[in-house]
Every structure is written in structure tokens, then in C-alpha cells.
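**Student:** Got a structure here, written out as C-alpha cells. Questions coming.
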Amino acid sequence: MGRSESQMDITDINAPKPKKKQRWTPLEISLSVLVLLLTIIAVTMIALYATYDDGICKSSDCIKSAARLIQNMDASAEPCTDFFKYACGGWLKRNVIPETSSRYSNFDILRDELEVILKDVLQEPKTEDIVAVQKAKTLYRSCINESAIDSRGGQPLLTLLPDIYGWPVASQNWEQTYGTSWTAEKSIAQLNSKYGKKVLINFFVGTDDKNSTQHIIHFDQPRLGLPSRDYYECTGIYKEACTAYVDFMISVARLIRQEQRLPIDENQLSLEMNKVMELEKEIANATTKPEDRNDPMLLYNKMTLAKLQNNFSLEINGKPFSWSNFTNEIMSTVNINIQNEEEVVVYAPEYLTKLKPILTKYSPRDLQNLMSWRFIMDLVSSLSRNYKESRNAFRKALYGTTSETATWRRCANYVNGNMENAVGRLYVEAAFAGESKHVVEDLIAQIREVFIQTLDDLTWMDAETKKKAEEKALAIKERIGYPDDIISNENKLNNEYLELNYKEEEYFENIIQNLKFSQSKQLKKLREKVDKDEWISGAAVVNAFYSSGRNQIVFPAGILQPPFFSARQSNSLNYGGIGMVIGHEITHGFDDNGRNFNKDGDLVDWWTQQSANNFKDQSQCMVYQYGNFTWDLAGGQHLNGINTLGENIADNGGIGQAYRAYQNYVKKNGEEKLLPGLDLNHKQLFFLNFAQVWCGTYRPEYAVNSIKTDVHSPGNFRIIGTLQNSAEFADAFHCRKNSYMNPERKCRVW
């Protein structure tokens, strides 16, 4: 072998020799065959590997989804012991609540990201902007113009005060200036009709619950200066908030007196503001608790204005209160005359009865101090820095935040809240994928079908009521993404804001203009038909909605993004995300409130007595379940199972419907490829993505606030409560019976 190779090599490098035909040796033939075989094997292996499907999705979208899920979860936690920790443990380790936020969650992160988009589109000058968009950008610039706002101090507010009968504590000789012309009817009405501020009496024009095509006047109990009536106990966990509230009043009164160069008597300021607190405590105690206001049938009390006067007589400053004069003071601002035969709806008869003895105890000065304060406290954040800073301790007591929200964020939200269609146009053009609309339409159709099919499973509901429920489900109208008109009909959009004209240097006046505009628009509706095609939300919103009076579900563009939805992410994630949200909103039509409205949106009892009784029995299971959860962040308080019932019913119904819809999808289309890096099947991924939507935490101060004011359960209990009731979840994660996440007793309504 060596000799032959040497000859070949030598031949190659030495002088040529006479040619003669050479034969391959057996060894050379063997080697050649071996090389050929190895080449064939290598090519075959490469071809097989290139086409080999290991069942793992390797697209960039799958990799992103997997990375997000892995980052958020704590795989070392036991899913059957605490699924919140399992799903969100990683998120909790990585995220800290910002100093400006009272809570932080995946929802809030999406909202933060949306606000960045709004900032970018609102601050970008474009010569081709339509008039409505130009106005939105002017309003935004006026809001972020801190130098102009600071240079004006409290002067814009001082200019406004005479229009609302002043603020006695911050005035000199109030009785002589306003006392002779002051009447309770005029003072309460002025705040309402011009600025939409409802103090002492909540008067508003809204849809008639029993005739949802018409508007009607409503009388209700007012909102309070503190988050809920419980705060006015002013002891224990509420003590700091009460102290900060009174100090806030005193600080603002002091600033206004200083600005007017009036003498300051600290004792007098303290005396008057503590009197306001006493009055507001009595009003708070007169209001009905939220858990006693959950039945819309009991809330609805229709009567004539004359009967209202007869049933609920009030006396202020020794004079009888005229409900007719009060009503006409408000409605005359939009040129509508109200006769005593006008029908109105009273939502709070108990409150109006209890209000009478309270009002007789207080002077016009006391009442005006309260009314003006409640308006002023809303406007403080629109004034110069020293006014804003007077709110710091109060904000900390209620929300736990040590810093104000960044100006640009606050302003982007303010403009979006007041010009939602103009801002929605900008957001949709910048960030919304139009093809999402059709995919979500299909998801809604699937989940609606599942809801109707599952009616057959309900043993507690009779056939007659099931038939009506099916009719209502089929009649639900959906709104997805945004109203087409905000893009296609520029004239309509411009006309919507025709009356508004903003100035960059006058942010405060712009705010007042918005208050007047929105209140006037609402009052004018009294003699107009309800526009049931009107959207109940703007497009640039990370949320979803159900309207009982319209029987309408709405999914704004802002929520149609991961983790809720993407046309390019696994369908298990879409069904666990936006699918669950769709089911949640559909179920709202049949929760403890929505079930009282028929397919046309009218407050009508369409239930048989037996089915209604059974519904209450089924619901009671969830009242107990959620009411037994204690929240450490809120000082160990129990959740309110009654106030959160509607949302809990919707969560439980939504997850069940979405899961069954996903099972139908798999039967039709086959199993999806698994996600890389996760040892989880798609049933498990469905529940994991659902849970991660609610990853988040609260500051203790806001937990105390939220447990009394939010109709939603905190995120961790939305996960735990819903999945404890899901046999499908227990099956997917192989949870043994009677483990924490798989209790023997499960609650189900829908």
C-alpha cells in the first residue's frame, strides 16, 4: 500500500514517464465504494433532518410566546397547590410596582405600552391632520405645558369660584357676597348642569332601564370624597386617609386665601374643614351599601316629579326644597322644560329619606363648603405645582404612591378619555392590525355557540327559561376594534368636536370647556332616542365591555394584542386569552345583574320563578367561595363575595366556554405544535395563558381601597377561584382530588 501511494505521489512530482494503462487495486475500489456510501448516508440524513417534524413549533412567534410564558412562571411551584404562584411567580420576582403606581399587573404593562403609543401620535405634528385630531393634539400640548400651568398658580380656579357661589372657607364675607342669593336648588344645580359635578343629590339623564330606547331623568345617591362609605369610620386602616383628607382641604383653602392675600386663621380653617368632614360622614352613612344595590329590579322606582316632591320632601336653611325648581335649573341650560307630570326614576329612596334630617342640621355655609370642595378637589391636579403637592399625603393614604404619574402619561390618558374617537383614529392608524377583526369575529361566533350548547347541561334551568336565554345570546351584538366611522368619515369625526376650541396656554379653561361640553351633551339626550349603534368605549383602551341596555359586547383595539390575542400565536393562548374574555363578556349578559335584562336590553323579568330561585342558589356557592378568601395585602380582610359576584360568574363562565371552544377547534383542526422549552401540552398552556393575564400585585393602601370599591376580585383570586371550579383544569394538571386547586365542591352557574 505504501509503495503504490509513493509511486503515485512520485509520478505526480517527477518527470513524466511513458504512459501505460493502470488498474485500480482491490483496496482502492473498496475505499471508493465506502466514500460513496458515506456520502449517500450523509445526504439522506440531511434531507431527513430538514423535513423531520419533532412536534415543536420553532417560528419566531412561538419562541416569543414561550419566552414570555417561561419568564412569568415559577416552574418549581406546585400547580395543584397554588396556581397563581406557578403561573406568576417569575413575574412577581421580576417586577416592582413603580413609585407612581398603586398596583402593577400585565394589564397595567399593556396600558403603559399603549400610553407610549398615544404620546408618540399626540406629540407628532402633521400638516395633514384633520381638525378633530388637531384639537386633540392642542389639548395634549396644553396639558404638558407645565411652565404655563405653573406661571398661572391658582388664578384660573379663583376666576371660576364666583360661578359656583364661591368657597366660604376661602372667601371674605361670604354671607354678604352670596348668602342673600344662595338657594340649595341653584347651588346644587349649578355644579351639576355646568360641570357635571353631583354633590348631595346625583341627578343625571340616562337610559330608561325598562324602555332602553328612551332616556329618562334619574335621582340617585352621590359619590363620596373618600373611596367608600367604610373610610368614614376613620379608625384603624382608615384613620390615615381621613386625616389626610381633612389636611388636603385645609392646605388648598390656605393656598387660595394666600393667593387672594386674605388673612389666614388656622383654627378657623381647621374648624370649617372638620365640619365638612362631619357632614360628609353623615352623608356617607346615609348612602346604601353596594351589596344592597345589586338588584336592578329593586333599584328602579319610577314616579312623577310631583310624587317625588311628595314622597321625599327636604328642608334646607328653613326652606322647603323644590324638586321641580332644582330639575328645571339643570334642564333649562339645554332649553328643556320639565313639568310636574314628567316621569323620573329614583334609584335611592332610602338615601333621600335619610338625607332630610341631615340637611336641617347644617347651615348654607357648611353645605357650600362641602359642595365647592368636592368640585375643587377634582381640579387641583390641573393647577400649579404647589396645588398639586397639597394632594401628596392624601394620594399616598389612598393609593400608596409616593410620586405623581408622569405628566405625559396623565395627559395622554386625559385626552384619550375626553376625545376617544379622535385619539382612537390615531391609535388605530399607528398600531392596530386590521386582520384581527375577522379572526375575533370567528372566535365570538364559536364561543357564543358553545354558550348556547352548554345551556342543555344546566339541570337547574327549565326549558322555558333556556329558550329565552338562547334568544338573548343570539341577539348579542358585537363591536370589535374600532368604529369604522373614525377612519372613513372625517366630517362626522370633526363635527363630534365642533363646539370645542382649545388654547395651548389655557389648560384649566380647556378642562372646564370639556366638563361643560360633555354635561350639556348628556342632558340634551333626554328628548332623544338611545343610539344603540353607538360604541360604549373608545378604541385605544385595554379592556372589554358588556352593556346590558344595548345587549352589546365590545372588544376595543387596545386589548387585541398578546397575551390576549395574536393571529400568529398558538390558538391555545388565544382561546385562553381573548377567548376567555369573550366568554366573560357574553356571560355578563346572564350574571346577577345582566340576567334581569332581556334580548332587547330592557329590564324585564324573563325567568320562571323556579329558574330564578335556582340561579340564586347556584350563585350563592360563589358568594361563599370568594367571600372566604382573605387578602393579606388588605390587612387580612375577606373579599366581598356579593359585590364581586357578577365578575366572578363571568370569569367562571368565560373560562369554561373558551376551553370547550378550544376543544372544538382541536377536533376540527388537529393538535397544534408544542411550544419550545416548555414541557406543557396545549390544554395546560390554555390555562397558563389565562392565569398570566392576571399576574400582578397591589400596594397595601390600594388593596384596602380596592377591596371596598372594585367589583372585580384581585387578580390572584380571579385565577385561584376560577380554576378551583374547573374540572378541566384539574384534569389537565393531574391535580389529586381535594388538593387546594381541586376541591371536591365546585361552583358553577353557567
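Even glycines carry a Cβ here, placed using N, Cα and C.
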**Student:** Choosing among CYS143, CYS234, which residue does Swiss-Prot name as bonded to CYS242 by a disulfide?
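**Tutor:** Among CYS143, CYS234, the record in Swiss-Prot lists CYS234 as the disulfide partner of CYS242.
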**Student:** When Swiss-Prot marks a stretch as motif 'Stop-transfer sequence', which of 16-23, 288-295 is it?
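**Tutor:** That would be 16-23, per the motif 'Stop-transfer sequence' entry in Swiss-Prot.
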**Student:** Swiss-Prot annotates one residue of SER6, SER270, SER572, SER739 as phosphoserine; which residue is it?
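**Tutor:** Checked Swiss-Prot: the phosphoserine annotation sits on SER6.
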**Student:** Suppose a student reads Swiss-Prot and sees HIS584, HIS588 listed for Zn(2+). Which of GLU509, GLU528, GLU647 should they find annotated at that same site?
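**Tutor:** Of GLU509, GLU528, GLU647, GLU647 joins HIS584, HIS588 in the Zn(2+) site that Swiss-Prot records.
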**Student:** DSSP secondary structure for CYS621 (disulfide bond), reduced to helix/strand/coil, please.
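**Tutor:** Looking at the DSSP assignment, CYS621 (disulfide bond) belongs to a helix.
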**Student:** Could you give the Cα-Cα distance between CYS735 (disulfide bond) and HIS588 (Zn(2+) binding site), in whole Å?
**Tutor:** 29
**Student:** Out of CYS80, HIS588, CYS621, the recorded positions in the record, which is closest to CYS411 (disulfide bond) when you go by Cα distance?
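**Tutor:** Comparing Cα positions, the candidate nearest CYS411 (disulfide bond) turns out to be HIS588.
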**Student:** From the centroid of the CB atoms of HIS584, HIS588, GLU647, the recorded Zn(2+) site, which same-chain residues not already listed sit within 8 A by their CB, in sequence order?
**Tutor:** TYR546, GLU585, THR587, ASP591, GLY646, ILE649, ALA650, ASP651, GLY653, GLY654
**Student:** Check CYS143 (disulfide bond) against DSSP and tell me helix, strand or coil, would you?
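**Tutor:** Reduced to three states, the DSSP call for CYS143 (disulfide bond) is helix.
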**Student:** Here's one to test understanding: among the disulfide-bonded residues CYS62, CYS143, CYS234, CYS242, CYS621, whose C-alpha is closest in space to the C-alpha of HIS588 (Zn(2+) binding site)?
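**Tutor:** Going through CYS62, CYS143, CYS234, CYS242, CYS621 one by one, the Cα closest to that of HIS588 (Zn(2+) binding site) is CYS621.
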**Student:** Determine the Cβ neighbour count for CYS143 (disulfide bond): the number of other Cβ atoms within 10 Å of its Cβ.
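**Tutor:** Cβ-Cβ neighbours of CYS143 (disulfide bond) within 10 Å number 24.
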**Student:** DSSP secondary structure for CYS411 (disulfide bond), reduced to helix/strand/coil, please.
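**Tutor:** Its secondary structure by DSSP: helix.
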**Student:** On a C-alpha basis, identify the one among CYS57, CYS242, GLU647, CYS747 that is nearest to CYS143 (disulfide bond); the candidates are the recorded positions.
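**Tutor:** Result: the closest of the recorded positions to CYS143 (disulfide bond) is CYS242.
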